[in-house]
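What follows is one structure encoded as C-alpha cells, with my remarks underneath.
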Amino acid sequence: MTNIRKTHPLLKIENNAFIDLPAPSNISSWWNFGSLLGICLILQILTGLFLAMHYTADTTTAFSSVTHICRDVNYGWIIRYMHANGASMFFICLFMHVGRGLYYGSYTYMETWNIGVILLFATMATAFMGYVLPWGQMSFWGATVITNLLSAIPYIGTNLVEWIWGGFSVDKATLTRFFAFHFIFPFIIAALAMVHLLFLHETGSNNPTGISSDTDKIPFHPYYTIKDILGALLLVLALMTLVLFSPDLLGDPDNYTPANPLNTPPHIKPEWYFLFAYAILRSIPNKLGGVLALVLSILILVLMPLLHTSKQRSMMFRPISQCLFWILVADLLTLTWIGGQPVEHPYIIIGQLASIMYFLLILVLMPMASTIENNLLKW
C-alpha cells in the first residue's frame, strides 16, 4: 500500500515541501533562518491575537489598555513582551536571511528573491504600524514623522498624507486603521511566504559553494528537520532570555509616556531595526531626496541579480568580494548606530559618509571586485 502522505491531496503538498524534499547535503546553519522566520511569524500571529483580545484601538484608551494587559491580564506581560521582542528576533532573522542570500548568490533565483524583497517591505510596514498601537510618545511622533515623508511626493503628497491620516493630523482614525492593517498584514505575509517557498521548490535550495547539488541530495526529513528544531530551540532561548531578563532593552523609554501632540520628544527615532534606513534618510538635506534614498536603500536588493558580474555564484571562493561584503555589514552597523544619535556634529558627517559608502559598495565596488576576480581566474 502506498504511504498516505504521498497520495493524500493535502498531505502530499506537505510531504513534498518538508519531508521528502531533496535538499543539498552541505547547507550550513545560514540556511536555518527561513524556518526560523516561519516560527517567528507564527509566534507573532499567536501573541498578537491574544493581545488584540484585550487591546482597544482608540486614542483615549489605547495606552491604558496596553497597561491593563501588562498589569491585570493573566500572563499579559509575557505575551506583550514576547510580541515586542519577537519583532526584534524576526528582524534579526530577516537580516541574517537576506545577508546569507547576498553572500551565497541566492538572488540568482529571481522569483524567490523578488518575493523575498516584497516580504521584507511588508514586514517593515507591519512592524511600523504595530509600533504606533501602544500610543506612547514615540508611537505618536514616529507615526507623524514617517507618514509625513509622503508629503515629499510632488503634487499629490499632502493629499496622500491626509488621506492616510484620515484627517489633518495623526488621530483616532489613524490609530484605528493602523490596527486593522497591522492585524491583516501578517496573514498576507504568510500567504506571500507560501509563494516564496513555491518558487524556491521550483529550483531547489542553493548551497554554500553555489554549484549545482543535483548529484548529492538528501531527504529534508530527518536531516534538516532536526537541524531546524535545534535552530528553533536557540531562537526561543534567545527570545525568552530577552523577554524575562531585559524586556525593555530594545524599546524606547519615551513610549512609556502617553502620546501628547503638544509635546515633541527631544529625539524622535524608530525601533532599532529601522535605524540604518532612518540614518540614510536623515543624511540627505533634501526631503524628497531623503525619501528616495530611504526607499532605494531597500529596493536596491531587487537590482542584485543585475549587478552580479562574477562567473561564480557564491562568494565562498572570492576573497575580494568577501572583504567588501563584511565592510558592507560594518557599514550597516555604523548606520544603525548613527540612526540612534542626535543630528549634530560629528554624527551628521559620519552618517553621510556611511550612506555614500553603502550605495558605493553595492552599485560600484562589489561588481568591480567580481570583474577583477573573473580576470584573476585566467592567470
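Using the three backbone atoms N, Cα and C, a Cβ is placed for every residue, glycine included.
Pulled from Swiss-Prot, these are the features on record:
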BINDING   H83, H182  heme b b562 binding site
BINDING   H97, H196  heme b b566 binding site
BINDING   H201  ubiquinone binding site
TRANSMEM  33-53  transmembrane segment
TRANSMEM  77-98  transmembrane segment
TRANSMEM  113-133  transmembrane segment
TRANSMEM  178-198  transmembrane segment
TRANSMEM  226-246  transmembrane segment
TRANSMEM  288-308  transmembrane segment
TRANSMEM  320-340  transmembrane segment
TRANSMEM  347-367  transmembrane segment
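Annotated features taken from Swiss-Prot, shown on the structure.
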residue	record	DSSP (3 states)
H83	heme b b562 binding site	helix
H97	heme b b566 binding site	helix
H182	heme b b562 binding site	helix
H196	heme b b566 binding site	helix
H201	ubiquinone binding site	helix
Rounded to the nearest Å - Cα separation of H83 (heme b b562 binding site) and H97 (heme b b566 binding site): 20
Between H182 (heme b b562 binding site) and H196 (heme b b566 binding site): CA-CA distance (Å): 21
Sparsest Cβ surroundings (other CB atoms within 10 Å) among the binding-site residues H83, H97, H182, H196, H201: H201
Annotated stretches the transmembrane segment (320-340) and the transmembrane segment (288-308) touching (3 or more Cβ pairs under 8 Å): no
Seg_contact(the transmembrane segment (178-198), the transmembrane segment (113-133)) with at least 3 CB pairs under 8 angstroms, min sep 6: yes
H201 (ubiquinone binding site) and H182 (heme b b562 binding site), Cα-Cα, nearest whole angstrom: 29
When counting Cβ pairs under 8 Å to the transmembrane segment (347-367), the leader among 77-98, 226-246, 288-308: 288-308
Alpha-carbon distance [H97 (heme b b566 binding site); H201 (ubiquinone binding site)] in Å: 17
Close approaches to the transmembrane segment (226-246) from elsewhere in its chain (Cβ under 8 angstroms; 6 or more beyond its ends): 29, 32-33, 35-36, 39-40, 78, 81-82, 85-86, 88-89, 93
